Every structure is written in C-alpha cells, then in structure tokens.
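Marked as domain 'Major facilitator superfamily (MFS) profile' by TrEMBL: 28-403. Look at TrEMBL and you will find 26-46, 66-85, 92-112, 118-142, 154-173, 185-205, 230-253, 265-286, 293-313, 319-342, 354-375, 381-399 tagged as transmembrane segment.
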Amino acid sequence: MTPQATEDSKENLNVLNAPPDGGMRAWLIVAAIFGINMAQGGYLVAWGTFQAFYQTSILRDKGPSTIAWIGSIQYALDGIPGLLAGRLLDAGYFRIIFIASCVASTLANFTIPECHQYYQFFLAQSILYGLGAGFLYTPCLGLISHWFSKKRPLVFAIVTVGSGVGGAIYPVMFRRLEPRIGFQWTMRVFAFYQTLCFLFGYVVLRPRINKAETALRLFDFNGVVRSPPYIFYVFATFLAFMALFTPLTFMTIKAEHIGISSDLSFYLVAIVNASTIPGRLICGLLARKYGALNLTFIATCCSVAFILAWAFVTDPLTYIIMSVCYGILSGAFLGIFLVPVVQMGDVHDSGRRTGLQLTILSIGALIGPPISGAIQMNNGFGLVGVYAGEYSIFIFTFLPSEPGIKLQQQRWLLPVFL
C-alpha cells in the first residue's frame with residue numbers, strides 16, 4: 001500500500017470514529033450520566049449535612065477536623081482511582097468497572113445505616129463508598145468524549161448539573177426524613193434511590209469506542225509529562241481543589257456560629273448546591289465561544305476570592321448572599337474544569353489525561369477540609385478564609401507564565417490575560 005493510500009485510510013478511519021455529537025443514543029448516555037451524577041455526586045457534595053449531623057449526634061465526641069476526614073477521604077476517593085479507571089476505559093473494560101463500582105457503592109449504602117462507631121463510618125462511608133464512586137466517575141465522564149465533540153463543553157456542564165441537583169435534594173430529604181423515620185431508614189431510602197439510578201445506567205451506558213487502537217501501558221505518562229500546559233493546568237486546578245470544598249464542609253456550622261437558626265442553616269448546603277446549577281450551565285453554554293480554559297480560570301479565581309470574604313462575614317443575610325455567589329462561581333468551575341484536559345489530546349487517550357488529573361486533584365480535596373477544620377477549631381473561621389483565599393494568588397501567578405503563554409498560543413487561553 002502506498003503512503004498516500006495509508007494516509008487516506010487513516011483519514012477515513014478518523015471520520016468514521018468521529019463522535020456523532022447527538023442522536024437518541026448519545027442523549028440517553030447523557031441522561032444516564034446525569035442521573036448517576038445526581039445520585040452519587042450529589043451525595044458527595046452534600047457532605048456538609050452529614051458533617052453537621054454527626055457533630056451533634058452520633059459522633060459528637062469527635063472534633064470537627066476528625067469528622068471532616070470521613071468526607072474529605074470520601075471525596076478524594078472519587079478521584080484517586082481516576083488514572084486506573086480511565087486507563088481501563090481506554091482498554092475497553094467499561095462494563096466490568098461499572099458493575100464492580102455499583103456493587104461497592106450499593107454495599108456501602110446499606111452498611112452505613114448499621115454503623116455506630118467512628119471507624120465503622122470511616123470504612124463504609126469514606127473508603128468503600130468513595131472507591132465505588134471513584135471507579136464510576138471517571139469512566140462515565142470519559143464516555144462523553146466518545147459521543148460528543150463540538151458540544152462537549154455543554155454536555156460536560158449538563159451532566160455535572162446532576163451533582164448540583166442531587167446536592168440540593170439530599171439535604172432537604174435528610175432534614176425531612178430523619179426526624180420522622182430515623183437515620184437508619186433515611187440512609188436506606190438514599191440507598192434504594194441510588195440503586196435505581198445505577199440500574200438505568202447499566203441498561204443505557206455503552207462505550208462507542210471499545211478499545212484504543214494502540215497497546216496501552218497503565219502508567220505511561222510520556223505524553224502528559226512532556227506537556228507543560230497540561231502540567232501547569234493540573235497544578236492550578238489542584239490548588240483550587242485545596243480551597244473550594246472548605247465552605248461546603250463547614251457551611252452549616254459557620255451559619256449557626258453567626259446566629260442563623262438551625263432550620264435555615266441545615267438547608268444552606270441545599271441552597272448552595274442548587275446555586276451551582278446556573279453557574280454550570282452558563283459556563284457550558286459560553287465555553288464554545290470564549291474557551292473553556294478562560295472561563296475555568298475566571299470562575300476559579302472569583303470563587304476562591306469569595307471564600308476569603310465568606311469566612312469573615314458575620315451578618316446572616318450577607319452570609320447567605322455570599323454563600324449563593326460562591327455556589328454559582330464554584331459551579332462554573334466544576335462544570336467545565338475537565339474540558340481543557342480532554343481538548344489537549346486524542347479521544348482514544350482521554351481516559352488517561354482526565355484520570356491522572358482527577359487523581360491529583362483528589363489529593364487537594366483530601367487534605368483541604370481537614371486542614372480547614374484544624375484551623376477553625378484553634379483559630380476561628382477568619383484564618384480558614386485566609387488559608388483558602390491565598391490559593392487565588394498562586395492561580396493568578398500561572399497566567400503570565402511560559403506554560404500560560406503556550407496555552408494562549410494553542411488557542412486555549414485568551415490573550416486578554418497575558
């Protein structure tokens with residue numbers, strides 16, 4: 001075969017492998033991922049509800065920093081397996097990962113109601129559920145690259161709205177159900193609901209590309225470590241994850257500290273999670289025109305700045321307004337922060353890039369809230385805001401750097417920042 005014929009055959013193969021960017025099957029995939037994100041992602045971002053409940057009831061003998069480790073490790077495990085899970089997706093093992101993850105999450109859901117000691121909650125809610133969520137999250141997001149190209153930023157935003165919706169629903173359900181049917185049956189209701197979402201996903205979710213065309217090595221980082229834009233972008237988002245989840249963890253506790261009633265403060269987690277929805281959707285709609293990376297940096301820096309102000313607010317009304325603003329801006333970041341990484345390479349290798357990023361970011365989510373809890377316990381909320389807000393300075397220093405200029409040259413970052 002001549003070189004020209006080989007090139008033509010490769011071109012034809014690329015056309016055939018191009019994502020359809022729509023159709024019934026593709027949008028059913030979106031619906032299923034949205035449902036799983038609502039059930040599982042919403043459960044994770046509603047941790048502030050559990051933090052407040054555990055501190056005042058089952059685990060009241062433990063300090064806020066100790067309890068925060070349950071939530072932070074749970075959330076970190078949502079990303080730590082990302083590299084392995086992403087590579088398994090690239091290798092064509094999506095169905096196996098999906099089934100194993102759903103079984104682990106379901107088992108954890110029905111185990112949590114039987115827990116009474118700290119170590120039991122840690123093992124069930126933090127480790128088992130976190131691992132189940134982690135091995136499910138990255139492959140599900142990776143499927144979007146199989147089915148969408150031009151509409152990818154919007155679709156990423158749509159499916160991440162699910163966690164905002166779930167994060168608004170879970171605190172309300174908990175507040176309504178727990179006094180009536182008790183903690184155990186409330187958790188079982190959550191478990192049955194999540195199981196239904198898993199079953200829908202099992203029926204619908206299928207990868208369009210079953211296996212990468214080339215042999216895969218699990219920990220082959222050659223492509224990414226030689227890309228300064230990728231490294232610096234992941235580092236900047238890592239700093240953002242160090243700060244972003246502090247308010248969600250301590251939202252209810254801070255509200256009660258400044259005099260907001262326990263009834264209203266308990267719903268603040270739901271209000272903030274609901275406020276992330278417009279941020280996610282608006283960013284998804286604007287990303288195609290203005291660039292996902294541009295909007296990611298704007299949203300990150302603004303939300304971290306709001307965290308700094310949030311920690312010093314003492315007026316209840318101002319606190320609620322600031323919390324909603326934080327929700328909108330953090331939602332804008334969470335809706336599209338993966339899109340630039342997906343755009344930095346080929347769709348067949350998207351699992352590795354997104355998986356490695358999520359693995360690194362999860363470390364920030366792991367250590368951020370416990371550090372905030374330790375600072376709050378010893379120094380109050382003011383220094384918590386300083387600790388979280390300082391990361392915006394580091395993020396801004398990235399923009400005029402050499403990798404930032406390279407991102408601009410590749411049309412991922414608008415020159416207005418440079």
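Glycine residues also receive a Cβ, built from the backbone N, Cα and C atoms like all the rest.
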Item to check | Beyond the flanks of the transmembrane segment (92-112) by 6 or more, those residues with Cβ under 8 Å of it | outcome: 40, 85, 121, 124-125, 128-129, 131-136, 139, 143, 187-188, 190-191, 194-195, 198, 201-202, 205-207, 210-212
Item to check | Chain residues in Cβ proximity to the transmembrane segment (319-342) (below 8 Å; excluding those fewer than six residues from its ends, i.e. six or more beyond) | outcome: 141, 145, 152-153, 156-157, 160-161, 163-164, 230, 233-234, 237, 240, 244, 247, 251, 254-255, 258, 260, 268, 271-284, 287, 292-293, 295-296, 298-300, 302-303, 306-307, 309-310, 313, 350, 353-354, 357-358, 412
Checklist entry - Taking the transmembrane segment (230-253) as the reference, which of 66-85, 118-142, 154-173, 185-205, 293-313 gives the largest number of Cβ pairs under 8 angstroms? => result 293-313
Checklist outcome for this item: When counting C-beta pairs under 8 angstroms to the transmembrane segment (118-142), the leading stretch of 154-173, 293-313, 354-375 is 354-375
Checklist entry - Given the transmembrane segment (265-286), which of the listed stretches 66-85, 154-173, 354-375 has the most Cβ pairs that are under 8 Å apart from it? => result 154-173
Checklist entry - Given the model, what does the mean pLDDT over the domain 'Major facilitator superfamily (MFS) profile' (28-403) come out as? => result 80
Checklist entry - Would you call the transmembrane segment (66-85) and the transmembrane segment (354-375) in contact, using three or more Cβ pairs under 8 Å, pairs 6 or more apart in sequence? => result yes
Checklist outcome for this item: Maximum Cβ pairs under 8 Å to the transmembrane segment (185-205) among 154-173, 293-313, 354-375 is reached by 154-173
